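Enquirer: Pasting the relevant annotations from Swiss-Prot:
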BINDING   G111, T112, N113, G114, K115, T116, S117  ATP binding site
MOD_RES   K220  N6-carboxylysine
BINDING   R384, D408, N409, P410, R411, G459, E463  meso-2,6-diaminopimelate binding site
MOTIF     408-411  motif 'Meso-diaminopimelate recognition motif'
Amino acid sequence: MSRAMALSQLLPDVALARDVQVSGLVMDSRAVRPGDAFVAIAGFGAHGLGFAAQALASGASAILFEPPAPADLPVPADAIAVPGLRARLGVLADHFHGAPSQAMRMIGVTGTNGKTSTVQLLAQALTLLGTPTGTIGTLGVGLYGAAVPTGFTTPLVLQTHAELAQLRDAGAQAVAMEVSSHALDQGRVDAVQFDVAVFTNLTRDHLDYHGDMAQYGAAKAKLFARAGLRAAVVNLDDAFGRTLFAALDPALHAIGVSSRAQAGATVQAQDLQLDHHGIQFTLHIGEAAHPVRSPLLGRFNVDNLLAVAGALHALDIAPAQIAEVLGRLQPIHGRMNRLGGAHGAPLVVVDYAHTPDALEQALTSLRSHAQDRLICVFGCGGERDTGKRPQMAAIAEVTADVAIVTDDNPRGEDGDVIVADILRGFARPDAAIVQRDRAAAIHQAISMAGADDIVLIAGKGHEPYQEVAGVRHAFDDAAVAAQALLPRTGLGVRV
């Protein structure tokens, strides 16, 4: 639904030389359409005023900037100085789009691992329960099952509110949203009214940005201190989660979840069993207890299901309904996706695990399902936290029977340097197989696997590309694995 608003209505406290109609708020000059207001603020590499002329040429009706302007950049004659503009962007976007987050039940999910799975599983559950639900996150934006990729885990603040408005206008009654630490630190969810906040876990990642774990955790905690929040769902099996839970505002409906009998947990999984069919457990919510049988693989998916159960409980869904819908949830693309496993072929699992903790969880979980060897194909992304490279190697060496080191997304970094960093983490580097060609590494792993082996292809999950030297080439781990399975099964299809 197209919107338009007088600039004087959007900025009633700012003196305007002339009033104009604004049809959108945009920070990217390349995305400006006629009638949009171009918001020019300082970015990581440049100031938006440097692109004001391009925005005007594309039909921008107004240029908004935060004073003082950089001395080396020209300011268009009609540009409007808005004091504190950056801090006001969320409120302005919320006002412009008619407060979309207040029209839907908003669930924000944060944590190092499990955000995408939890958001997708929660949206799937709510949809099955009859509530049209939108998603915003790594897999894109849209109503559940129809998300369009955007390239962001959490979009920039103007786009966040625009996408919430689109979901509202498309009929969404609820939104499950990934909220990254970057988003919380950079104000990308400013003025979004969350009803429920969910914490999955905190493990090493993004220290190239946050500096240390304390700052990383503090960024995550911001989601739980927001005005208007009604409920918090926290994983009490995580050490930081327990600290976070203890510090919650007493006015919040605090819901602790645990699969390890942590004290204070409202939602628990007990009597856990894992087999080649999936997982089963008894779901306890308060005094209620119901059996759950899920086709999902891996112990960490128990944690994801508990996060979903906690969020549904916060939304006043009955325990019996929660248990029933958990058993109907299907795997998420790129998250412990299963291929093969029949007709004499090994079980192949494609997963997004790209942090030390996620890799350890994936391997440990699959070890519980494995009848024979566990073969791991993994790499590390270029131009990202280098400290996790040897950590992931050590985990693969200890937890898997065979480790094949390959390229992930080298980006602009030398792949040989990345591999050398990884190999430093092996106690016996000579025991690791190095095959930098990712497709060849996947084929090698599957060809060497026996019928009772499990092959984990870790790191890229749902990504349909491999980024090398700044160029994204079409590449899909699951598609390559399916092709490699063909000689073993004649089918190469997912099961």
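Even glycines carry a Cβ here, placed using N, Cα and C.
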Enquirer: CB neighbours of G111 (ATP binding site) within 10 A?
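Expert: Counting Cβ neighbours of G111 (ATP binding site) within 10 Å gives 26.
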Enquirer: Should anything in the same chain at least six residues away from the motif 'Meso-diaminopimelate recognition motif' (408-411) have a Cβ under 8 Å from its Cβ atoms, list it; otherwise answer none.
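Expert: Cβ under 8 Å, 6 or more out: 354, 378-383, 418, 438, 459-460, 463, 466-470.
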Enquirer: Counting Cβ neighbours within 10 Å across all chains shown, tell me which of the binding-site residues K115, R384, R411 comes out on top.
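Expert: The most densely surrounded of these binding-site residues is K115.
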Enquirer: Can you give me the residues near the recorded meso-2,6-diaminopimelate site, meaning same chain, not R384, D408, N409, P410, R411, G459, E463 themselves, Cβ no more than 8 Å from the center of the site's Cβ atoms?
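Expert: Apart from R384, D408, N409, P410, R411, G459, E463, the close residues are H354, G379, C380, G381, G382, D407, K460, Q466, E467.
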Enquirer: Out of G111, N113, G114, T116, K220, point to the one nearest E463 (meso-2,6-diaminopimelate binding site) in space (Cα versus Cα); all of them are recorded positions in the record.
Expert: T116
Enquirer: Name the secondary structure element type, per DSSP in three states, that contains R411 (meso-2,6-diaminopimelate binding site).
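Expert: Assignment for R411 (meso-2,6-diaminopimelate binding site) reads strand.
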Enquirer: How long is the line from the C-alpha of S117 (ATP binding site) to the C-alpha of G459 (meso-2,6-diaminopimelate binding site), rounded to the nearest angstrom?
Expert: 15
Enquirer: Quick one: which residues besides G111, T112, N113, G114, K115, T116, S117 have a Cβ within 8 Å of the ATP site's Cβ centroid, in sequence order?
Expert: V109, T118, E178, T200, N201, N304, A358
Enquirer: Which entry in the list of binding-site residues, D408, E463, has its Cβ near the fewest other Cβ atoms, using 10 Å as the limit?
Expert: E463
Enquirer: Compute the C-alpha separation of N113 (ATP binding site) from D408 (meso-2,6-diaminopimelate binding site), stating it in Å without decimals.
Expert: 18
Enquirer: Can you give me the average pLDDT across the motif 'Meso-diaminopimelate recognition motif' (408-411), rounded to a whole number?
Expert: 97
